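K.L.:
Next up is a structure, given as structure tokens.
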Amino acid sequence: KLDLFQSCLNVGFFLGSLPVGYIADRFGRKLCLLATVLVNAVAGVLMALVPDYVSVLLFRLLQGLVSKGSWMAGYTLITEFVGLGYRRTVGILYQAAFTVGLVLLTGLAYALPNWRWLQLAVTLPTFLFLLYYWCVPESPRWLLSQKRNTQAIKIMNHIAQKNGKLPPDNDVTGKLSPSFADLFRTPSLRKHTFILMYQWFSSSVLYQGLIMHLGATGGNLHLDFFYSALVEFPAAFVIFVAVDRIGRRYPLAGSNLVAGAACFIMIFISHDLHWLKITVACVGRMGVTIVIQMVCLVNAELYPTFIRNLGMMVCSSLCDVGGIVTPFMVFRLVEVWRDLPLAVFAVLGLAAGAMTLLLPETKGVALPETIEDAENLWSPTLPSTLCSQNPLCTSH
């Protein structure tokens, strides 16, 4: 029942990826964010109140259908709000908040051992996100892509006024409608989509798998989870330092290799040396955390505006497939051999590290607005070309 409960959430993530991604690209990031937050909050409260296991699964599934969509819509929104110079910072801070939540969750779970009270404690605060209706505007990039020029210009003028800048030129493109086929229509986008899908899948298996493997084979569940959550803070620091100095591609590849190598090394560590196994597992957790945070950033940077959210949701749907199979993979494979899941994790991580090198470097490159921009990401002259055409680029 525990395996099915966890997998049910990831089934919801997977089933909701395409429709929620389409809604965000067709009807707007803000509408998608508010709608998914409301459904998630209501379903979370009802899940804590229903009396039977089947009803719990249904509301857990409903939470899965929308909760990832709200997270992705928020990430896309802030990525599109800022210029090139701040994209890294806001992306890291957005995900650092997730790490803070993990650390707080450990204390909450310890203080509230009853799962119903814990569920209410983590759900009720999400109703506050509905206040974003008054404080967060729609993405001007998305408005421009939909030819809603008046609204976009009004928001950009407001931002420019608050920042003490001149408003950007009113350059607009024709209205573009998102399509699932656009993710595979051209050679570069097709290659990027398949590689990113594998990156999301492997990172999901390693991230959740290491946590579950510690829970299945470790000592104190709360402390092991707390230690492994703490390493996500230095992971954010590593990204902050490396991503604009070295770039995206090599840190992403290296982090995959570190995560895979850590899983491989853990196979040969005696279970009597629990402290050493936890230490190496934390190194692997830090590596895969860097991967997850960076693949979000790279995913957003590789797709044009009108399919950016759809591209992130479709590629990350493989993360949900990983989440579905991981509980069964961990808890069933440990019955065959205690360290068999680690061998699988090692292969996945090392392969992901090699595949990363097939992606283009997006350091210093403005967000693409059209499929042609996305196809030309390998071009060494792209940054200046795109920036000169992009009213929301660095200087604004």
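Placement of Cβ uses the backbone N, Cα and C atoms for every residue, glycine included.
Dumping what TrEMBL says about this protein:
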{"type": "DOMAIN", "residues": "1-363", "note": "domain 'Major facilitator superfamily (MFS) profile'"}
{"type": "TRANSMEM", "residues": "31-51", "note": "transmembrane segment"}
{"type": "TRANSMEM", "residues": "57-78", "note": "transmembrane segment"}
{"type": "TRANSMEM", "residues": "90-111", "note": "transmembrane segment"}
{"type": "TRANSMEM", "residues": "117-136", "note": "transmembrane segment"}
{"type": "TRANSMEM", "residues": "194-213", "note": "transmembrane segment"}
{"type": "TRANSMEM", "residues": "225-243", "note": "transmembrane segment"}
{"type": "TRANSMEM", "residues": "250-269", "note": "transmembrane segment"}
{"type": "TRANSMEM", "residues": "275-298", "note": "transmembrane segment"}
{"type": "TRANSMEM", "residues": "310-334", "note": "transmembrane segment"}
{"type": "TRANSMEM", "residues": "340-359", "note": "transmembrane segment"}
K.L.:
State, in range form, which of 31-51, 57-78, 117-136, 310-334, 340-359 has the highest count of Cβ pairs under 8 Å to the transmembrane segment (275-298).
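P.N.:
Against the transmembrane segment (275-298), the leading stretch is 340-359.
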K.L.:
Quickly jot the same-chain residues contacting the transmembrane segment (31-51) by Cβ under 8 Å, restricted to those at least six beyond its ends, or write none.
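P.N.:
For the transmembrane segment (31-51), the nonlocal Cβ contacts are 20, 23-24, 59-60, 62-63, 65-67, 69-70, 73-74, 77, 116-117, 119-120, 122-124, 126-127, 129-130, 132-133, 136, 309.
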K.L.:
Suppose you look only at the domain 'Major facilitator superfamily (MFS) profile' (1-363); what would the mean pLDDT be?
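P.N.:
Over the domain 'Major facilitator superfamily (MFS) profile' (1-363), the predicted model scores a mean pLDDT of 85.
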K.L.:
Using a Cβ-Cβ cut-off of under 8 Å, list the residues of the same chain that are 6+ residues beyond the ends of the transmembrane segment (194-213) and lie near it.
P.N.:
225, 228, 252, 256, 259-260, 263, 281, 284-285, 288-289, 291-292, 295, 298-299, 302, 314-323, 325-327, 329-331, 334, 341-342, 344-345, 348-349, 351-352, 355-356, 358-359
K.L.:
So which of 57-78, 90-111, 250-269, 310-334 has the most C-beta pairs under 8 Å when paired with the transmembrane segment (340-359)?
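P.N.:
Answer, by Cβ pair count: 250-269.
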K.L.:
Would you mind listing the long-range same-chain contacts of the transmembrane segment (250-269), meaning Cβ under 8 Å and 6+ residues beyond its ends?
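P.N.:
Answer is 199, 202-203, 206, 210, 238-239, 242-243, 276-277, 280-281, 283-288, 290-291, 294-295, 298, 339, 342-343, 345-354, 356-357, 359.
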K.L.:
So which of 57-78, 90-111, 310-334 is most in touch with the transmembrane segment (225-243), counting Cβ pairs under 8 Å?
P.N.:
90-111
